[in-house]
């Protein structure tokens, strides 16, 4: 039951800029008495990233084919798709390197709900500032390597629960002058290599007797991952439509209010950090 509930939470929150890992930690501690754990979070993210792969299958195939063709064809190397493929590759490096170097902190100390609450509020404010002051004039065809590096670096901050991978990358994209739909779409593409790598590397840790957090059976883990993916697919479709006509202020205020509520719950001892 716990694994299914948390899978739905994962699917609902993975692509919204409100921190899926933060929500998993809050819900699991508040309703089930213990943290779901970084390993469970990482593995269920495979399901949500499969949703991205299915949703953007056409884009992904085009980028992969163009990238391989560009390795041997100078004319192809001048296309935007070839450059975009490199932006995704380079932008995925920061989170991979930092995730490897600081994996013990990610599974342990950084999962304090005090940190989660602070990051929810801080990055909510930063997202609001990016929405308010970002130029939002550059579309998909204006993406650069600088965008890939800086948005990839922002993605790495999501190793801290409460930051939000999509929240960090969308905030960075808006700050760099990208329009909202472009920032969101590139955020999704940027996540695929890093999240799949993290999920695969954590599969064995979920079932270790000494592992921190939830320890589901193999069957429960598979079902939870599928559920997270199905819910996540619906959220992708909704979010892409939403940002076409709406600002991200809804998520800004949600993050700030949730962070304040979390501080209140911690302060009154309703939930343990």
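Placed from the backbone N, Cα and C atoms, the Cβ positions cover glycine too.
If one looks beyond the transmembrane segment (4-24) by at least 6 residues along the same chain, the residues whose Cβ comes under 8 Å of a Cβ in the stretch are 31, 36, 38, 40-41, 44-45, 47-48, 51-52, 116, 119-120, 127, 158, 161-167, 170-171, 188, 214, 220, 223-225, 227-232, 234-236, 239, 248, 251, 254-255, 258. Positions annotated as transmembrane segment by Swiss-Prot, on the basis of sequence analysis: 4-24 (among others).
Per Swiss-Prot, the feature transmembrane segment maps to 40-60 (among others); the stated evidence is sequence analysis.
Same-chain residues lying 6+ beyond the ends of the transmembrane segment (84-104) with a Cβ under 8 Å from its Cβ atoms: 63-64, 66-67, 70, 143-145, 147-149, 151-153, 155-156, 158-159, 186, 189-190, 192-194, 197-198. According to Swiss-Prot, the feature transmembrane segment maps to 84-104 (among others), an assignment based on sequence analysis.
Within the same chain, residues 17-19, 22, 25-26, 29, 35, 38, 159-164, 167-168, 170-171, 174, 248-249, 251-256, 258-260, 262-263, 266, 271-273 sit at least 6 positions outside the transmembrane segment (109-129) and bring their C-beta atoms closer than 8 Å to a C-beta of that stretch. Among the features that Swiss-Prot reports, transmembrane segment is placed at 109-129 (among others).
According to Swiss-Prot, the feature transmembrane segment maps to 186-206 (among others).
Per Swiss-Prot, the feature transmembrane segment maps to 220-240 (among others); the stated evidence is sequence analysis.
For 251-271 (among others), the entry in Swiss-Prot reads transmembrane segment.
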